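A short worksheet on the structure shown next.
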């Protein structure tokens, strides 16, 4: 007998996920659900699945499954959406929320008005600057290395924001064939657990134009951890200051790499697309 699951589709700067409150709707096989529901033609259509649950360490917990069923350590856009979800659903009246993720406890500050969450600031923690072989184990020092792929050579800066990223600065982002080079860099032998890939152009106003190929999901409209990694890489490569706007296909995020505490703070919107029920 099929089980009916309630869900909410939400998006943060165009990065859309299917959200299930497991406090009220337990989900037995999230890997299968992520693969089935993320498909646009035969499912709900999304970049993946997010489970909102209880936590012994924080106010709530978050688990993220990419469209291919693989589990992600962290998602900045999803964390903002969870802040909006739990507040507007009446699961909390707090405007500062702690969220347990596989990459640690994140602190969310909700910017509200008339009972609605307008924007969310997430303390993304301290970036871990690693070489490719260590980026998944979160040790080592920052490394910029030339990566051969798709008949070209790319100079990448490696940053871990709870998940691995390689940030590549280019003169003209429109010339990047992301569908071709994205999967080759994601699965490059340098990255034992695969990686997220960001191509970045510095715009005349010093903002950062970014396009992303996400590990396990492919091209997406935006990536919160990717925006943070991009801002950090821009500082390390002397291309931007510690406060910057990252402009993606789905919208803009403000990123602040705080010099005092070393933490990265991401601020941006979160929105509900629709709600529904689906059989599992």
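Glycine too: its Cβ is placed from the backbone N, Cα and C atoms.
Here Swiss-Prot flags 75 as active site, proton donor, drawing on sequence analysis. Taking all protein chains in view, 29 other C-beta atoms sit within 10 angstroms of the C-beta of residue 75 (active site, proton donor).
Per Swiss-Prot, active site, proton acceptor is recorded for 223, and the stated evidence type is sequence analysis. Note on residue 223 (active site, proton acceptor): other Cβ atoms within 10 Å of its Cβ, all shown chains, come to 35.
Positions annotated as substrate binding site by Swiss-Prot, on the basis of sequence analysis: 15, 66, 76, 77, 163, 196, 214, 215, 224, 225. DSSP assigns residue 224 (substrate binding site) to a helix.
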A 10 Å Cβ contact count, applied to the binding-site residues 15, 163: which residue has the minimum?
163
What DSSP gives for residue 76 (substrate binding site), in three states, is helix
Spatial neighbours, same chain, of residue 76 (substrate binding site) - Cβ under 8 Å, 6+ residues apart
12, 122, 124, 161, 223, 224, 225, 227, 228, 253, 266
Sequence gap of 6 or more, C-beta under 8 Å: which same-chain residues meet both conditions with respect to residue 214 (substrate binding site)?
47, 66, 196, 220, 223, 226
Using the alpha carbons only, what distance in Å do you get between residue 163 (substrate binding site) and residue 75 (active site, proton donor) once rounded?
8
Residues within 8 Å of the 15, 66, 76, 77, 163, 196, 214, 215, 224, 225 Cβ centre (excluding the substrate site residues themselves)
72, 74, 75, 212, 217, 220, 223, 226
